[in-house]
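Trainee: This structure is in structure tokens; I'll ask about it shortly.
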Amino acid sequence: MAGNITVPYVPFDQFHWSMSHVGPLPWNQTVWSLIAVFTALPLWITIELTICVFYLFRRWSGLYFWSVLITTWGVTLHAIGFVLKVCVPSCNYIFSMVVAELGWMGMVTGFAMVMYSRLSLIGFVMRNRYILRLALAMIIINAIVLHTSTITIFAIGIEEPGPKYLSYMNSIERIQIVIFTVQEVILSTIYIYGTFKMAQDSFNKRIRATISYLIVIQVVSILLDVLIVVLDFLDYYILKSFVHSFVYALKLQLEFAILNEFREVLAKMAPQSNSYDLDQEAFRIMDSNTIK
């Protein structure tokens, strides 16, 4: 049975946020409050979205369905893994990092697949199928290269911990953060461009308003990604790790909240023009009239 561990108090302006921090996290009420908030919110959102997914989807299958579920629970694993790592000194380091890394893979690549599967709702993309193929190739290549390299360096750190490991890990951490951010910006840009063209082609005020709202959400998602990159390059690794889980949970909640309304808008646009190929079966979400 593990004994009690007393940690020192550290003022907020002297707190050590970088990856090189080792040992139990020092006590500071503000810091621990931030950790509690940015851990509790993703966990709550995970429960909420899981219930919504199983309630709203008519069939529990398809790329979008599984991508949403994997991302949702990836967020939770990522948050729990880092809580165990920095807040529970008695927890095995390897176990906590395996949980965090599995969550990170599911969270980042899972959300990329959510964005990819959603592109099939855009007429511009469906008329240019090579865009979908290139987007999928980008996601797969980035996932294989970056996840493999991160896991490899993590394994090296277990065998040979020390300054060299921290240097490698810090480098790959920033590289993967930047590349995954660029990947999401590319997917968001395709989505923004496609929805903008749809807004231009529509004279319906409600449709234009909804599409404008979708574009705003994509811009907000990009800004959240930029926030993560900034925190990482400012060496706020510990804070970034907890904010990272919250950011993906928030983006997924925003994505899920607008999807059903967007599909209804597309369904109303489809009779107006043959240029919109609406793949309703790819999503299989109940209509709002059915829910009511």
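FYI, residue positions are counted from 1 along the chain as it appears here.
Every residue, even glycine, has its Cβ placed from backbone N, Cα and C.
As annotated in TrEMBL:
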DOMAIN    34-262  domain 'DUF7703'
TRANSMEM  31-56  transmembrane segment
TRANSMEM  63-81  transmembrane segment
TRANSMEM  93-114  transmembrane segment
TRANSMEM  134-157  transmembrane segment
TRANSMEM  177-199  transmembrane segment
TRANSMEM  211-231  transmembrane segment
Trainee: Which residues of the chain, 6 or more past the ends of the transmembrane segment (134-157), have a CB below 8 A from one of its CBs?
Mentor: 97, 101, 104-105, 109, 112-113, 116, 119, 165, 168-169, 172-173, 175-176, 179-180, 183, 186-187, 190
Trainee: Can you say which of 31-56, 177-199, 211-231 has the most Cβ pairs under 8 Å with the transmembrane segment (63-81)?
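Mentor: Going through each listed stretch, the top one turns out to be 31-56.
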